[in-house]
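Features as listed in TrEMBL:
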TRANSMEM  B:6-29  transmembrane segment
TRANSMEM  B:41-72  transmembrane segment
TRANSMEM  B:84-107  transmembrane segment
TRANSMEM  B:119-143  transmembrane segment
TRANSMEM  B:170-202  transmembrane segment
TRANSMEM  B:214-235  transmembrane segment
TRANSMEM  B:241-258  transmembrane segment
Amino acid sequence: MSLISIQNVSVEITGQNILHDVTLDLSAGEILTIVGPNGSGKSTLLRVIVGALAPTKGKITRQKDIRIGYVPQTLAIDATLPMNVDRFLSIPRWASKNEKLAALERVGATNMMHKQMTDLSGGQFQRVLLARALLCEPDVLLLDEPTQGLDQPGSARFYELIAEIRAELNCAVVMVSHELHVVMSASDRVVCLNGHVCCHGTPETVSNAPEYRALFGAQTGGALALYRHEHDHGHDHHHEH
Amino acid sequence: MLDNFLIRAALAGVGVAIAAAPLGCFVVWRRMAYFGDATAHAAILGVALSLAFSASTIVGVLVVCLGMAVIVSNLNERGMAVDTLLGVISHSALAFGLVAVSFLTGVRVDLMAYLFGDILAIGISDLIFIWVGAVIVCGIIAWRWSALLTATLNADLASSHHINPKREQLILTVALAITVAVAIKVVGALLIASLLIIPAAAARGFSKTPEMMAGLAMLIGSISVVSGIQASLIWDTPTGPTIVCCAAILFGVLNTLSRGMRG
């Protein structure tokens, strides 16, 4: 049974058609990645899934009492709002000291309990956001461009962590990303979005689809090469992309 | 004990300070300071209308403040810039209020009392009203605390936990309108926003969590009220503005201290 089912969803914002006739199913335990160029409606689709935005047409059904662990793209904490990591992890529901320590350890952000959120580095901040989402005991982890601002090794480590967490909690994961090659390799299923669903399937299927190549143009070769390079051959040699 | 006008004044002021402090924290965190101002200014229009229809001042103030909040949030959704919008509505509500009061013949209105407050003239019934209002406001904020805080951090994050950010905004607006209605007699329409914002801002430097900031703001607000009343007696100054001056001095001192401690 699917956790979240999106049927023929269209979204119009101030008369502009952002999403058109999107149909999508999310099954328990799968990692689904949404890729697409800027302005393709990725974030809008995520907001529909989160429940922040009602579709103009179509319908979204969520499993009853579904728990969503949402990791937003940015969380601008106002300088006037004092918020240490300890307190942040109890948002919105109170969590015990031990639960919080365990969550921080799981994401590799120990010894941060008493730091102010605004004092964390980009990578630490992302990990604390993830730890908070884990404390919700999510059925679905929702990540919006989770590795923005991280360098390439940093984001590779982050996606490894996501894969590990999925294996442990058996939660579904939905990610939005523009880092095609890294993300695609970590996904079970990829949806390529450009206002509508251009193509979807396994990472292999999508990266071979003509619609995908048309959208990403010159980038495709490199991303695909790297993808194959890392996962089909597993050896290392220099090539241009 | 309540026969003494000074004790009544202090109790009234502390009641308002306690209600205003946690609400003021949200006003500061959500950058709604101007919204607080606009709500308070609109209260003068509420006073004028309630006198014209010989209704209770409280009802008039509540109705106008809530009406203003609804108009602002509707226009805002249609894409008008909030600060411009509030600038227009805040000052026109004040101006229309002042003009409307001048039309009221046969009623002698002590306008100064509404603009700057008249805390020393507070009677037992005012005192009861203030404390009932304060308890309601604190109750609302305590009940919605976690949801309000989540919605303040990030609207989408709130949605993911089935918290409706628009509903939380509305709840804050209602709490704000009640606070204005309650505080108008204490510091007056022109200075209410200062009682919301200054104690919260003064508490920021020494707070590690939102709860700590709200608690400290209550303490700072209460100290400002009591010392302001004392100072106004000693130097024979208007009480409402003197309370605000005390809060401002506390803000200055605490801000300097917290910066000094951080090195």
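Keep in mind that glycine also has a Cβ here, set from the backbone N, Cα and C atoms.
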Given the transmembrane segment (B:84-107), which of the listed stretches B:6-29, B:41-72, B:119-143, B:170-202 has the most Cβ pairs that are under 8 Å apart from it?
B:41-72
Which sequence-distant residues neighbour the transmembrane segment (B:214-235)? Criterion: at least 6 residues beyond either end, Cβ under 8 Å.
6, 9-10, 13-14, 16-18, 20-22, 24-25, 119, 195, 198-200, 202-203, 206-207, 242-247, 250, 254
Positions on the same chain near the transmembrane segment (B:6-29), where near means CB under 8 A and six or more residues out:
35-36, 119-120, 122-124, 126-127, 130-131, 133-134, 137-138, 141-142, 148, 152, 172, 175-176, 179, 182-183, 185-187, 192, 195-197, 199-201, 203-204, 210, 213-214, 217-218, 220-222, 224-226, 228-229, 233, 239, 243
Below 8 angstroms Cβ to Cβ, which residues of this chain, lying six or more residues outside the transmembrane segment (B:119-143), approach it?
2, 5-6, 8-9, 11-13, 15-16, 18-19, 22-23, 26, 58, 113, 171, 174-175, 178-179, 181-182, 185-187, 229, 239-240, 243
Contact set, same chain, for the transmembrane segment (B:41-72): CB under 8 Å, 6 or more residues outside the stretch:
35, 82, 85-86, 89-91, 93-94, 96-98, 100-101, 103-104, 107, 109, 114-115, 129, 170, 173-174, 176-178, 180-181, 184, 189-190, 192
